[in-house]
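Reading through the structure tokens given below for one structure.
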Amino acid sequence: MPCQDRCALGCIDRLEDWLYQRGYCKLIFGFLNRFMKQLGNALVFAVYILTAVITFTSYAILLPYEQKYQSPWILSIYAAVGFYFCISIVYHYTMARTLPPISNHGKEGDKWCSKCANWKCPRTHHCSVCQKCVLGMDHHCIWVNQCVGTHNHRHFFMFIFFLSFTTIMIAWVGFNTIYDHVFETEYFYCTTTLDYAPLQTWICDQGELARNLIIFVYLLCALLILLVGGLTLWNVYLITKGFTYVDYLLSQLKMVRYFVEEKGWDGRTIGYRNPYDLGWRENWRNFLGLRRNRTFWRHVLLPSGHPPIIIDEKGDPESVLVVEQV
């Protein structure tokens with residue numbers, strides 16, 4: 001490890017020790033944790049409001065306006081697919097937000113959590129914001145205002161997956177709509193007679209509401225495609241490799257320690273074998289809970305609250321632990 005990096009890490013460690021000795025860390029992190037909780041409450045409310053705005057704009061303005069360019073049958077298919085996406089987004093987000101992550105207490109000899117004063121089983125990590133140990137912890141997400149762990153990880157992933165596809169579909173279907181409302185001066189929602197726009201009169205009575213909503217939703221979708229779409233691809237990679245995000249960070253730390261403590265740093269990387277990696281197919285089956293005759297069509301594509309399945313600490317694909325919901 002480069003000298004400056006070692007010095008930086010040493011300074012950080014000494015600063016943390018100094019803060020802990022004087023009780024400042026508890027005060028500082030206590031304040032930050034409370035702030036995170038309050039911010040999470042506001043962001044949860046914002047997610048539902050933005051979902052309602054996107055849904056209203058899509059069905060009341062975008063799809064009716066697109067009848068100028070596309071056939072009613074095609075728009076009907078888009079409307080049906082959009083409704084399915086909307087139901088899936090709301091369902092999986094609500095489950096990810098309300099289904100509490102769990103912690104399986106370990107046995108004597110496992111790692112000890114000083115904050116919970118209890119043993120914690122493998123793949124369990126303490127979250128200072130939730131103030132508890134979380135089994136299969138991926139990260140603490142302020143957008144669901146709790147940890148993403150074994151019990152709600154599938155719902156979180158399905159939420160961002162459906163959200164990514166929804167925003168892509170809106171951007172694709174509504175291209176003509178956004179073009180007219182940004183670049184055209186004569187043809188837009190309130191200057192066109194639309195057969196399938198029952199709220200057109202009321203919306204147009206609100207001044208520039210239609211134009212503003214179209215531009216806002218399109219910009220929001222573009223932002224979500226970049227951010228949420230990237231997050232979805234990153235989660236696909238982690239799940240395929242059998243990692244949670246915490247597992248991935250620990251694997252990188254183990255690689256660095258291998259060089260520094262055993263081999264010496266030479267700038268190269270080494271292969272790290274995740275003990276919980278059973279191959280991409282079994283990793284996805286465990287993550288999606290596709291055991292006990294569960295099917296992809298019924299328990300993945302349709303909203304389902306079935307419990308997840310994680311492999312045991314030996315990594316044996318034939319020996320699985322079913323984590324029942326509480």
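Backbone N, Cα and C atoms are what each Cβ position is placed from, and that goes for glycine too.
Pulled from TrEMBL:
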type	residues	note
DOMAIN	108-249	domain 'Palmitoyltransferase DHHC'
TRANSMEM	42-61	transmembrane segment
TRANSMEM	73-93	transmembrane segment
TRANSMEM	156-175	transmembrane segment
TRANSMEM	215-239	transmembrane segment
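Shown for the domain 'Palmitoyltransferase DHHC' (108-249): DSSP residue counts in helix, strand and coil, namely 75 helix, 20 strand, 47 coil. Taking the domain 'Palmitoyltransferase DHHC' (108-249) as a whole, pLDDT averages 89 in the prediction.
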